[in-house]
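Lifted from TrEMBL, the feature list:
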BINDING   Trp94, Glu104, Asp124, Lys126, 187-198  substrate binding site
ACT_SITE  His196  active site, nucleophile
Amino acid sequence: MILEKTAFTEDSVENMISGESTFKVNIQNDIYNTLDLYPSALLNGIKTTLIYPATEKHIAKYTAQDMHLITETAQDYESITLPYLNREQFNIQWVFNILEKKTESERIVFEDSNPETGFILLPDMKWNTKQMEDLYLIAIIHKHGIKSLRDLTPEHLPLLRNILNKGLSAILDKYHVPASKLRVYLHYQPSYYHLHVHFTHLRFNAPGSGVDRAHLLSDVIDNIELMPDYYQRKTLSFSSKENEKLSVAFSEAGRI
Ligand code: G7M
């Protein structure tokens, strides 16, 4: 079970400092005061994610542990990462459930049903959709078999451009957040190897939006336009937790 405190909203702050909350004064000195504030239970919710039953991979993913920065050459991808993916990858049933409208269908913000270039855009599990400050949506492609950034070639440019253009315009329509306030990117490595794109608010330092994991979709498109086999040749760096099996595989190959 993952417990998270969520961002304040303007409304909730106004209600928190109103008469409904109780408080205890800790320090009062001249104009300076520190208090413990106890807002009403409704304003005090804790976002809770339950993964049940959790597999060993989930436990490794969420356990606090040392990280390593791994630099994966094209050769490493073929000899370490790809064999690891064929053995070990996370089950992606949740992705198929969304694509087949078996779950979360009422949360879909936009769909383009084209089998080659289409996708479903919906709120990421990490966003409670209550405030725009931590807006987080994902676009999941309809096409099967594209695992990650490594698989992308010029053949996928129409798909990538479509996600960027239609995803941004759907978010503007529904949430009134313009493209200039959004970070649109892919993870490398992702947790789930069915291509999807993250849309997060620039004001939100979303986990996984740093240089050790995020690749801006606009840069990805540009790189492939400049060099068709860019992602098959590029050395890609990413951080990985010490106990994750991919780290172990790199370590066993003498690459950490
Ligand atoms: O690291 P990666 O690029 O694979 O990110 C996967 C994203 O999918 C993360 O941001 C997760 O929060 C999100 N996600 C994972 N699951 C299992 C679900 C789910 O069941 N529903 C939704 N809407 N998002 C999910």
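Glycine is no exception: its Cβ is also placed from the backbone N, Cα and C atoms.
Unlike curated entries, TrEMBL annotations are predicted automatically.
Taking the Cβ of His196 (active site, nucleophile) as reference, residues of its chain lying under 8 Å away and at least six apart in sequence are, in sequence order, Val95, Ile138, Ala139, Ile140, Ile141, Leu186, Pro190. Local packing around the binding-site residues Leu195, Val197 was summarised as the count of other Cβ atoms within 10 Å of each Cβ; on this measure the leading residue is Leu195. Neighbour density for His187 (substrate binding site): within 10 A of its CB lie 18 other CB atoms from the protein chains shown. Highest local Cβ density among the binding-site residues Gln189, Ser191 belongs to Gln189, counted as other Cβ atoms within 10 Å over all protein chains shown. Of all the Cβ atoms in the protein chains shown, 18 others lie within 10 Å of the Cβ of Tyr193 (substrate binding site). Counting only same-chain residues six or more apart in sequence, the Cβ atoms lying under 8 angstroms from the Cβ of Asp124 (substrate binding site) belong to Tyr136, Leu137, Ile138, His198. Selection of the binding-site residues Asp124, His187, Ser191, Leu195 by a Cβ distance under 6 Å from ligand 1 yields, in sequence order, Asp124, His187, Ser191. For Trp94 (substrate binding site), the number of other Cβ atoms no farther than 10 Å from its own Cβ, over all displayed protein chains, is 16.
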